[in-house]
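Pulled from TrEMBL:
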DOMAIN    17-457  domain 'Major facilitator superfamily (MFS) profile'
REGION    499-529  region 'Disordered'
TRANSMEM  12-30  transmembrane segment
TRANSMEM  55-80  transmembrane segment
TRANSMEM  87-108  transmembrane segment
TRANSMEM  114-137  transmembrane segment
TRANSMEM  149-168  transmembrane segment
TRANSMEM  180-202  transmembrane segment
TRANSMEM  280-298  transmembrane segment
TRANSMEM  310-331  transmembrane segment
TRANSMEM  343-361  transmembrane segment
TRANSMEM  373-392  transmembrane segment
TRANSMEM  404-423  transmembrane segment
TRANSMEM  435-453  transmembrane segment
Amino acid sequence: MAPNFAGLRGRPLGLTISTVATMGFLLFGYDQGVMSGIISDKAFNDVFTATRGDMVMQALVTAVYELGCLAGAMFALFFGDSTGRRWMIFSGAIVMIIGVVIQVTSFVDHIPLLQFFIGRVITGIGNGMNTSTIPTYQAECSKTSNRGLLICIEGGVIAIGTMIAYWIDFGAHYGPPDLVWRFPIAFQVVFGIIIIVGMFFLPDSPRFLISKGRVEEGEYVLAALGGYEVNDHETQVQKNLVIDSLKASGAGDKTRYRDLCTGGRSQHFRRMLVGSSSQIFQQLSGCNAVIYYLPVLLKSSLHQTNDEALLIGGINMIVYAVFATFSWFFIERIGRRKLFLGGSYLQTIAMIITFACLIPDDPQISKGAVFGLFLYMATFGATWLPLPWLYPAELSPIKTRAKANAVSTCSNWLFNFTVVMFTPPMVGGAGWGTYLFFAILNALFIPVIWFFYPETANRSLEEIDIIFAKGFTENISYVKASHDLPKLSDEEVEQKAAEYGFGTDAPAEAEKGQATEFSPEGSHKENSE
């Protein structure tokens, strides 16, 4: 009989892992959207008086969360490989709940703003730990055929979480003053508890376990995920592919930080750089300028009342959430590159429409800017929202995946903070120029994607290693290498790995003292010593 976890094996186990992982990104999206509806509300400003009418202080209260997320992502960078995917996510959810409790217990006579700041930072730390780890965990537990779909679902539910936050803000706005902001923030605990309970019973990533020399545990998880016996041929093939992948990336029990900057057949540095650039571009596209501050933008640029701004913002979030589900159906069929490129084109057009309608300063023409923002959010939800969470997680090899994904997430939060911090004063000072700025940035993404982003759709994680080895060995563009390499079976991947010399020796790597052969047992022994 196939092994199981909590009585689950095969497809039910995979679905449970995906559900719990998705809950982490639902919580991420909720926390992104929750401040937008309460930051300028009278009930919130009466408790945190420094935020009343001060856009810079409002920006700081919102953006300090991103600094916490950056700290959490850095924690995952330094400790993710030793802690493991499962316990990092488990711990991140606990930290988030602690931060939420600190926030909602802020009262007028107890230095409320300082306490709220601390709570926001702690909540951010937990979220940074989770967002750095969940895509890697999901990628390493998924089948090739549905990896893109499952991680895109994670990205898509960010929009659903944001939509839930907007409408809870809208409903709470009409309640008692304390309910207006305390309940929306406290509601996050529900998602956190689901993650904690789920991760307690679920297994760690089989690829992580094997990379640490815990081969028998990794085999057990691979068998449970596939619904096979441990000794089944399919389980053994999957195990051998993981070991070959470790050989390809210069295996060893411990990944050093300098390994992230190596080239050769593994191309660690290039892969980390391309993955991180997708996270940076996501933030520079202007997404959080719209998500965090849409009600503020509507009031300042379009002169809407607070109730009108909240209502329009809520409707826009419904559009955002609906379009975020589109990528679920097209991610493998269309591919990553085309969605990246198409999203950049349409987001550029949306920002052009927005700033062009604001230039005349005419109330009637300015309504066209609402269409521009709606078009932007619809496009972003279908393309750039999920893709940067998927692409870095599948692009890096197993040896550096946790650290490289943490670096890309750190990039996301650093630029997220920058955009969130400077958007309010930018809108106040530059007006329509803010949207012109984001239109130019979106247009600049297109040539970078065209020349440097290889297609990874319908490829196993081990097959992606072959793409980079082929590009390096044959001295061709990695985009071309991906295009030229036919879809490979598991057995063909093993053959190609042997052809490119995985596990044998690259002089450059040997000089750096990197191991060139992978010995799970030796790794395990060294670890125990």
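For all residues, glycine too, the Cβ spot is worked out from N, Cα and C.
It should be emphasised that the depicted structure is a prediction, and the values quoted were computed from it without experimental measurement.
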| Considering the transmembrane segment (12-30), which listed stretch of 114-137, 180-202, 343-361, 404-423 counts the most C-beta pairs under 8 Å | 180-202
| request: Give me the stretch from 180-202, 310-331, 343-361, 404-423, 435-453 with the greatest number of Cβ pairs under 8 Å to the transmembrane segment (114-137). | output: 404-423
| So are the transmembrane segment (373-392) and the transmembrane segment (87-108) touching or not, going by 3+ C-beta pairs under 8 A with a sequence gap of 6 or more? | no
| said: So, taking each listed stretch (87-108, 149-168, 310-331, 343-361, 404-423) in turn and counting its Cβ pairs to the transmembrane segment (180-202) that are under 8 angstroms, which one gives the highest count? | reply: 87-108
| request: May I ask for the residues of the chain that lie six or more residues beyond the transmembrane segment (87-108) and have a Cβ under 8 Å from a Cβ within it? | output: 21, 24, 27, 47-48, 68, 72, 76, 79-80, 115-116, 118-130, 132-134, 137, 182, 185-186, 188-189, 192-193, 195-196, 199-200, 204
| message | Against the transmembrane segment (55-80), which of these stretches has the most C-beta pairs under 8 Å: 149-168, 310-331, 343-361, 404-423, 435-453? | response | 404-423
| query | For the transmembrane segment (343-361) against the transmembrane segment (435-453), do we get 3 or more Cβ-Cβ pairs below 8 Å once near-sequence pairs (under 6 apart) are dropped? | reply | yes
| query | For the transmembrane segment (404-423), what are the same-chain contacts with Cβ under 8 Å, counting residues 6+ beyond its ends? | reply | 59-60, 62-63, 66-67, 69-70, 73-74, 76-77, 80, 124, 128, 131-133, 135-136, 260, 268, 271-272, 275-280, 282-284, 286, 288-289, 292-293, 388, 392-393, 395-396, 434
| query | What is the pLDDT of the domain 'Major facilitator superfamily (MFS) profile' (17-457) when averaged and given as a whole number? | reply | 86
| field | Beyond the flanks of the transmembrane segment (310-331) by at least 6 residues, Cβ under 8 Å | value | 33, 36-37, 148-149, 152-153, 155-160, 162-163, 166-167, 169-170, 173, 294-295, 298, 304, 339, 370, 373-374, 377-383, 385-387, 390, 457
